[in-house]
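Below: the structure, in structure tokens.
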Amino acid sequence: MEKSIEQTSQKTNRKVIKNRVAYLDKQVPFYTPFVGILGLLLLWELIAQLGFVSPLFLPAPSVIITTGWEMLTNGEIISNLSASLYRILMGYALGSVFGILVGLILGFFRTADAIGTPIVYSIYPIPKIALLPLFILWLGIGELSKVTIIALGVFFPVVINTFSGVKNVDPLLVKAAVTFGSSRFNVIRKVILPGALPMIFAGLKLAAGTSLLLLVSAEMIAAQEGLGSMVLHYGNLMIISKLMVGVLILSLLGLTFNKVLKWLEGKLIPWQ
Amino acid sequence: MKIVIENVIKKFIDAKKNEVTALNDINFSINEEEFVVLVGPSGCGKSTLLNIVGGLLSPTSGDVYFDGIEQDPTLGIVFQENALFPWRTVFQNVVYGLEERGASKKEQKEIGNHYLDMVGLADFRDAYPKQLSGGMKQRAGIARALAVEPDLLLMDEPFSALDAQTRTLMQEELLTIWNRTRLSTLYVTHNIQEAVYLADRVIVLSRHPGQIKQIIHIDLPKTKRNSEEHIQQFNRYSEEIWELIRHDAQKALKE
Ligand SMILES: Nc1ncnc2c1ncn2[C@@H]1O[C@H](COP(=O)(O)OP(=O)(O)O)[C@@H](O)[C@H]1O
Ligand SMILES: [Mg+2]
């Protein structure tokens, strides 16, 4: 009996069922991401070396590297980078600390929400760089006006994300905490803050890009020193290789910024 | 000491701005070392009542009070959705209430480990809730509630999100633990067998409005209730409660 079933199934055509969504799980080798970047750089080098475009407009990557080394050894990069770092770190720190605090308060206290949230949302859409002339008039052309503009640009995405993070904390967790004896302050500290942390980090990451953009714009408008003014300066002089060095450093700065935030996120949100 | 629920009424305003009476004139009390189960069809106001007793919702009128107690009463609560803090490890969750009561680190460690052992989670003390199965999460939730050694333990359908096998095991475990701790308990469920299995007294609620239909003393020993010996009596209680609820449950189904 068994045999006959086997035989008939062999005689008829077999249709083996295969996983038709296997492509969803497809793994790529670890070096794949580098291939694209390296390929692009090589192509760029080739085009520049073969003289397809004037080196005046597009210097080869190798030229940019050697120029960068020169600028590093003569101290030009260090002085501009440290000026920029000071501004962005100060501005970012101020903006995010205030952003988180205000976001927590607006999210937790109903009265503060009713008063503050309309204010936040009416200022939020203003392109912050438009306020730079005003801040220069109020605060002078020194560091303070630039730090303030960056802080302001960081403040808003952080406030808004913190606020919605607080609103998204499961009310059941608050109920549990209160039942186990938590005071209001401890509810904020031990439930609301950690519960909102993932959203807060989303805001901090968003703000990192904004802060870099505002840094460069502010420095192009009103600074003697800094990566933004350096880039603008060499642009005006048409020294493109040095301009490119500035751009490269800015992109490395952005990259580092993101890496640090990712690292910090892993440290502070180990439960995810 | 006893917990008294006196003339409690709760009205809600629903989405169409109509006033809905969720609880109508609820009166009962929970004695020391008594396990009281609220049972009723879904939507009859069980959670509402439990939240009022736990101080998480104000009644429209009426009172809930502890009678014959000196200090502020301590409460422990277990929710169906476990409500563990995702950012705290199992141990940190279990000692949360102790921490809030200002217990020393040493005390926290002793008591926390004691209750982790009791619910069989000693090996998972440093895991995050996300890493636990549904049953383990509920055990952690129970340990957290027991750790404060509450004057009243509140449980809102703690096992109804679990699969049937896990639920049966957890009911047995809960009974074992309860027999050791003998805490005054208010337990909410829609599961009649569970109610008969656990309760000293079953309070049957009806719906629209939610009110007490009947209070049934379960006159069975607090162990091995579903054994050969007691099964007939057990089933008689279950049927009695089902008859009380049946009509309401059918109506609930049609809504
Ligand atoms: N916040 C609320 N607003 C309006 N109606 C509510 C609210 N909470 C509960 N209800 C209503 O009260 C009734 C009882 O709800 P609930 O206590 O959750 O029932 P159970 O826990 O027995 O399923 C339901 O009809 C529900 O719709
Ligand atoms: Mg409920």
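Glycine is treated like the rest: Cβ placed from N, Cα and C.
Automated prediction, rather than curation, is the source of TrEMBL annotations.
As recorded in TrEMBL:
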- A:81-261: domain 'ABC transmembrane type-1' (DOMAIN)
- A:28-52: transmembrane segment (TRANSMEM)
- A:89-109: transmembrane segment (TRANSMEM)
- A:121-141: transmembrane segment (TRANSMEM)
- A:147-166: transmembrane segment (TRANSMEM)
- A:191-217: transmembrane segment (TRANSMEM)
- A:237-257: transmembrane segment (TRANSMEM)
For the transmembrane segment (A:191-217), the distant same-chain contacts (Cβ-Cβ under 8 Å, at least six residues beyond its ends) come to 84, 87-88, 91-92, 95-96, 99-100, 103-104, 107-108, 128-129, 132, 146, 149-150, 153-154, 157-162, 164-166, 168-170, 173-174, 177, 182, 226-228, 231, 250, 253-254, 257-258, 261, 265, 268-269, 272
Given a Cβ distance threshold of under 8 angstroms, which distant residues of the chain, six or more beyond its ends, lie next to the transmembrane segment (A:28-52)? 58-63
Checking A:89-109, A:121-141, A:237-257 against the transmembrane segment (A:147-166) for Cβ pairs under 8 Å, the most are found for A:89-109
